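Heads up: the structure comes next, in structure tokens.
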Amino acid sequence: MLCATPTEETTPKRNVYAAADLIYNAAHLQRPMTRNQSRSNLYTNLNTICKPISIHQPDLTYTNVYNEGSIYIKITLLLSDKEGSSSLSIHASIQLAFFRTTTPLNLIINSQALTLNKVCLDPQMFTNVCKMTTETQSTRPTHKPLLASASVRQRLLPFTYKCFAENLQTVHRKQVFMTKTKLRNTTIMSGLKTLSTVTVFGGTQTRYSHVSRETKTEMTFTVFMPSQAKKSKAPAIWYLSGLTCNDENFIQKAGAQREAAHYGFVLISPDTSPRGAGVEGETESWDLGVGAGFYVDATTPKWTNNYRMYSYIHHELWDIVKSHFPIIEDKQAIMGHSMGGHGALTAALKNPGKFVSASAFAPISNPSQCPWGEKAFNAYLGQDKEAWKEYDSTELVRQYNGPLLHLLVDQGTEDKFYKEKQLLTENLQQAAATNEKTRVEINLREGYDHSYFFVSTFIPNHFLFHSKILIG
Ligand SMILES: N[C@@H](CCC(=O)N[C@@H](CSC=O)C(=O)NCC(=O)O)C(=O)O
């Protein structure tokens, strides 16, 4: 079932509708409802005409569950002509219909979105889908829809791209009830699934999951929402965790919610890597692969499809946070620990003005020169060390040329990784001293190690540091 919003059917638009059908078809949900046989001609040429640009998360505000058990989800595809002409770009919407199974609904939705994403992102797969559909169309023109019941099929028919909205208002509305009431134990808002929520220091600490277009896996992240954010938008601090962590180590061990509640900061903590991507060897060592994404976009063939933590956090999750949570967009800071300290510092240095301040606990300050960094960058970025500089704070701080950037670093003197020269704090310090556009405060903390005992001791200092810049 295809549902596209524009009413005028110019030729390029019709091609886009067909493209949406193809992608829909590829998700193995059901065969498209054939409007006429000439459509197969369009399929034949489709991959020479259109290219998928992006697919949005399912818009679950348009999700409805019908008595018979079919489910409709609106997904928006952005397609353009082959040249990428933005004037021909168009949003088409597809309406999915499939039957409830014993699988939880949210899993079905996420897996379909994942499949659609893969099709969109992989040009070869898109071409294959075009071929497959062309063959299916010519050999089995009266293809059997996967829909099991004729009555449901009839019900689907009026849902053409011209009358989806009207139908919702009229007779079908009587049989519709919002998915939310059907989704027991889980809340979904526009593709975000709430995994857990607790009250802490008058605010809420919530864990979400969603299917990521960047990593092509299900990703989790946590958000602390202070009570102040219930009334008005609030500044936000991002926290990036270290090797072996997920999005929960920090929220459970650092005591950060007390500080965030005090200052009224939203606190966002992403995961450290994709999980379950299926990359060969990704779980073999604790400092590469799962739990060790190093906040880079991998470029080597083995990792590049999934290990895109830089784009995941700074584009995809950034947009999700902006559209779902009450944050003041130009008042955001970033902090992190160890590998996450590297992630936080590099993010601020690579994006002048995006984060008003950055801080780090025991950051991997010069990854190009330490064993952890060499291993990860070799794997993710390849052997060309020029490419490594793009993700190395010590290199980036020399070249930084944005608004005055305040950086704070705390480093324990009894940190075994510091002693093993994994962190190289002094290299960052020396490099920063050469650039008057940065102010870097580095504190060596006598007796402290690398653990969250160290992080939780100095977390109040980091919040104080950020608060001076975020709220003056
Ligand atoms: N397993 C390792 C130690 C791993 C470790 O110390 N991880 C740190 C981050 S290290 C740099 O990124 C961490 O934050 N761990 C999670 C925690 O909750 O403490 C070993 O064998 O030593």
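Glycine is no exception: its Cβ is also placed from the backbone N, Cα and C atoms.
TrEMBL labels come from automatic prediction, so no person has curated them.
Annotated in TrEMBL:
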- S338: active site, charge relay system (ACT_SITE)
- D415: active site, charge relay system (ACT_SITE)
- H450: active site, charge relay system (ACT_SITE)
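Taking the features listed in TrEMBL, we show where each one sits on the structure.
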{"residue": "S338", "record": "active site, charge relay system", "Cβ neighbours (10 Å)": "25"}
{"residue": "D415", "record": "active site, charge relay system", "Cβ neighbours (10 Å)": "22"}
{"residue": "H450", "record": "active site, charge relay system", "Cβ neighbours (10 Å)": "22"}
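Taking only the Cα positions, the spacing between D415 (active site, charge relay system) and H450 (active site, charge relay system) is 5 angstrom.
Cα separation, H450 (active site, charge relay system) to S338 (active site, charge relay system), rounded: 8 Å.
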